[in-house]
Amino acid sequence: MANQLGVLNALDAAKTQWYHFTAIVIAGMGFFTDAYDLFSISLITKLLGRIYYFDPLSPKPGTLPPRIAAAVNGVAFCGTLTGQLFFGWLGDKLGRKRVYGLTLMLMVICSIASGLSFGKSPQGVMATLCFFRFWLGFGIGGDYPLSATIMSEYANKKTRGAFIAAVFAMQGFGILTGGIVALIVSAAFDHAYKAHPYFRDREHSTVPQADYIWRIILMFGAIPALLTYYWRMKMPETARYTALVARNAKQAAADMSKVLQVDLNSEQEKVDKIGTEPSNSFGLFSKEFAKRHGLHLLGTTSTWFLLDIAFYSSNLFQKDIFSAIGWLPKAETMSATHEVYRVAKAQTLIALCGTVPGYWFTVAFIDHIGRFAIQLMGFFFMSVFMFALAIPYQHWKTHNAGFLIMYSLTFFFANFGPNATTFVVPAEIFPARLRSTCHGISAAAGKAGAIVGSFGFLYAAQSTHEDKVDKGYHTDIGVKNALLVLGAVNCLGMLFTLLVPEPRGRSLEEITGENEEEKGQQQASVGNVPV
């Protein structure tokens, strides 16, 4: 493109080199921590119920009351949603780099603080825990738009999809590590402090030391984040922000000369000229934005919203599904520490078999078959497997191995599908000055879906039979019907995918029309036809 800046051309054409991998690791470790922190809570909710809501007269171990379970599970998502909107906007206002360290420190402090939640009463402990989990989520929320935007703006155009997807794929390792840490900690405590199953000795089935287990699991999340703080602070601001938003050509050229180890000219005149183009002046709430990117934003927000309803409801409630198919023994036949071990073992197996491989399949294929094809295919297979689990649901109760394979495949196609692509695409198709904000809006829509999925599914998956309902809940549609609803949600996701353009193999400025001089060219470059 004649009007493209030399420094951005250099980034687009750069061969894959060491700085790409350091950027993936630095941004990816944030995501590793995000996933660890968000998903580790599902490993410990049963333990929290046993410790803080023990009733010596009950034949079953204590469980968190419905409202408290919903708050503990969902409060971090509320924080994440707020953080995505706030830090997404801030990333466009102050620059990606300046906000990046702030989100990480917030995550470190709140991970440690949530493990130190104390109170005189169970309600006090839960309230403190929820308070710190909200602010932990707030920091995690900032990581979504910033990590995606930074990676997208650093990458070359040939392998950009794989690089952004690789950052997101670190989420899989975060979920896996959460399971492994819980396995190690619970096994160590199980070994050191012997306890009887609940049905044999109610009072002593939960040893006093079990209170340390959940605290250690939550606080471990601070370690990977702390390790990458120094490197985040050393990363230069992205050239696209410095040149196209801050309009400082000299700084952009100097920063990228260091990173790429080549001499680059600062083209201030060109930067000033690009800045005065009409295509670079419209705001988020303008008619021009609605005309050019309105459908794109609807596409990215709706698909992420629908995907997260299905993804998070399945993920957070794995332990309930495992119990329903008999993969976890009945709670009363286990001690508290052994129950943590069994829940963690089941979650780690699912992560190993379905979650982690799916992410890396996306990394391998996204720049070959494109975002659009992967997203459509992922939604399609997710709905197929959800229906296949739901319709013969009684059959699966006696065929546990088959159920587990199907359930793992659902996760595999979520991750080799919309879970990865909904993260990648919003970082590519919006102009530099609105990129972080639009990614934040799309991600926040996703988290709204996660809230619907996790809160809604908590109630919806309750059995239709009164005697099988968890304490404090009412009868509802049951797991079978809940899975049917999730299958339908995925079908809707396929429909809305049609609104999302295919950015594969083009430079960011070509996709968004930021460097185009003539209006005719601009319109062509942001055409909404999937390739």
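The first residue you see is number 1, and the count goes up from there.
Placed from the backbone N, Cα and C atoms, the Cβ positions cover glycine too.
Those TrEMBL annotations? Automatic predictions, nothing curated.
According to TrEMBL, the feature transmembrane segment maps to 21-48, 68-87, 99-118, 162-189, 212-231, 348-366, 372-391, 403-421, 441-461, 482-500. Among the features that TrEMBL reports, domain 'Major facilitator superfamily (MFS) profile' is placed at 23-505. The region 'Disordered' annotation in TrEMBL covers 512-531. Annotated compositional bias 'Polar residues' per TrEMBL: 521-531, in sequence order.
Of the recorded ranges 21-48, 99-118, 372-391, 441-461, the transmembrane segment (68-87) has the largest number of C-beta contacts under 8 angstroms with 441-461. Taking residue pairs at least 6 apart in sequence, the transmembrane segment (403-421) and the transmembrane segment (348-366) share three or more C-beta contacts under 8 angstroms. Averaged across the domain 'Major facilitator superfamily (MFS) profile' (23-505), pLDDT in this predicted model comes to 89. Of the recorded ranges 162-189, 372-391, 482-500, the transmembrane segment (441-461) has the largest number of C-beta contacts under 8 angstroms with 482-500. With a cut-off of 8 Å between Cβ atoms, the residues of this chain six or more beyond the transmembrane segment (482-500) that come close are 295-296, 298-300, 302-303, 306-307, 309-310, 313-314, 371-372, 375-376, 379-380, 382-383, 386-387, 389-391, 393, 418, 425, 429, 457, 460-461, 528, 530.
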